[in-house]
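Take a look at the structure below.
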């Protein structure tokens with residue numbers, strides 16, 4: 001039977017609710033005048049520096065949040081995750097993405113069995129295969145070495161690996177290792193995405209990685225069949241075994257598809273899709289592109305934060321602090337969104353990955369016991385690298401809705417540039433904005449300041465910035481594979497902390513099921529109409545009208561022959 005105990009019923013939660021009034025009367029201009037407060041609101045680990053002094057919080061706020069963490073049994077929940085307890089209760093599964101990057105000699109159990117040796121078994125297999133592939137020993141159907149990889153997956157099988165790939169592309173060591181190679185991703189079932197993923201590629205030199213745990217994911221398998229047709233039409237049916245491999249646990253369907261089961265790489269049901277980038281889902285395609293040693297550095301970076309998260313006191317624990325502040329902003333100050341603003345173009349795919357990781361994890365309306373929540377959980381996550389975002393949506397952030405911001409900066413650029421005679425280097429120009437924007441949000445600009453600057457009266461209200469808009473700054477020493485892994489792990493654990501405090505299950509995603517079920521009905525109707533001329537039926541009047549309009553136009557792909565992208 002579901003328990004009615006919710007975190008919002010605790011004295012600690014109610015104490016924070018009462019505390020909101022005091023914070024509402026305080027402006028960040030005044031809070032930032034307290035140098036001791038600013039110094040206290042920092043944390044550092046392995047050169048990663050967090051400054052959260054521009055949050056609408058005081059020392060008292062933080063103490064109350066730490067007490068809320070105690071009431072939520074946060075430490076106990078973290079230990080349960082690392083110990084392999086089945087904290088994903090709706091699916092009766094452990095949550096062990098931390099095992100994917102654990103050292104070889106570590107013991108992490110699920111159902112009483114240490115999973116680390118099995119994880120390393122898959123990693124060793126990936127290492128061996130990637131070395132064979134990259135050396136040119138693995139050749140395609142025509143005897144040519146393969147230099148192009150297309151990874152076919154969707155959701156977590158796509159967004160996480162894409163983020164890491166984009167971040168590594170301009171790292172000097174990774175770029176050198178990837179010379180002469182291409183890694184692309186195919187996710188959307190839209191045929192345009194198929195066309196883009198294979199544009200200018202030669203099937204003779206291309207390897208396709210099909211990522212689907214069950215080998216039944218509708219979009220992924222349709223895309224896989226499409227790329228199979230692309231290969232077979234050019235090289236013949238026997239080429240599939242040399243040009244397609246899989247990340248899956250369903251070896252029967254892998255073999256039926258035409259892929260040699262020896263070339264299938266496993267992952268486990270205790271790895272959620274959005275947490276799977278450190279499994280074969282990400283490690284395999286990334287190792288094919290960059291080499292396993294570089295990917296291992298990425299995994300080691302993630303593992304370093306796992307250790308920090310598990311062992312550091314909450315007061316200096318970066319993921320815990322971030323999670324607590326997010327709960328404060330969402331559930332007490334009422335801010336529904338979060339902007340993720342990396343001042344590094346290499347992190348251009350970070351916000352989309354965190355968008356899925358956060359919103360799929362914490363977009364829940366009931367407690368882990370199935371009790372309807374009386375408070376909001378989760379945020380609307382979005383973002384864009386600086387300074388591009390400044391010329392896009394910062395207007396709203398400065399003078400519209402209040403949206404807490406995560407500013408992520410890097411001390412040492414992957415690609416330093418300086419033009420003789422310029423005032424600053426290109427990276428210093430970028431970082432000038434990184435350091436300025438949080439203060440602009442916090443302090444704002446008053447009518448009095450504008451009057452002193454002789455701004456015309458009719459423009460005073462337009463040029464006034466209220467300020468008092470919260471942000472935090474996360475400064476990384478550099479952006480090598482190691483730091484990329486650290487950044488990923490920080491956000492993974494931050495999001496888990498939020499879920500642990502709210503008392504929800506951050507590791508299931510039942511919300512994606514209904515739409516898929518309804519799409520199945522539409523798919524059957526489209527088939528019946530296209531192939532048998534049957535009228536649209538079984539839908540509400542609006543959907544029926546839309547479907548009828550769609551079907552009234554002659555399809556661009558006749559159903560009596562195979563049609564492939566024209567690229």
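Glycine is treated like the rest: Cβ placed from N, Cα and C.
As recorded in Swiss-Prot:
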| type | residues | note |
| --- | --- | --- |
| BINDING | 156, 157, 212, 213, 214, 215, 216, 217, 356, 360, 391, 516 | D-glucose 6-phosphate binding site |
| ACT_SITE | 360 | active site, proton donor |
| ACT_SITE | 391 | active site |
| ACT_SITE | 516 | active site |
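On the structure: features taken from Swiss-Prot.
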{"residue": "156", "record": "D-glucose 6-phosphate binding site", "DSSP class": "helix"}
{"residue": "212", "record": "D-glucose 6-phosphate binding site", "DSSP class": "coil"}
{"residue": "356", "record": "D-glucose 6-phosphate binding site", "DSSP class": "helix"}
{"residue": "391", "record": "D-glucose 6-phosphate binding site", "DSSP class": "helix"}
{"residue": "516", "record": "active site", "DSSP class": "helix"}
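For the pair formed by residue 212 (D-glucose 6-phosphate binding site) and residue 516 (active site), distance between Cα atoms is given as 16 Å, rounded to the nearest Å.
Residue 360 (active site, proton donor) has 156 as its nearest neighbour among the recorded positions 156, 214, 216, 391, 516, going by CA to CA distance. Cβ neighbour count within 10 Å across all protein chains ranks 212 highest among the binding-site residues 212, 214, 216, 356. For the pair formed by residue 214 (D-glucose 6-phosphate binding site) and residue 516 (active site), distance between Cα atoms is given as 16 Å, rounded to the nearest Å.
Taking only the Cα positions, the spacing between residue 516 (active site) and residue 391 (D-glucose 6-phosphate binding site) is 37 angstrom. The Cβ of residue 156 (D-glucose 6-phosphate binding site) has 272, 273, 274, 275, 276, 277, 281, 356, 357 as same-chain neighbours under 8 Å, each 6 or more residues away in sequence.
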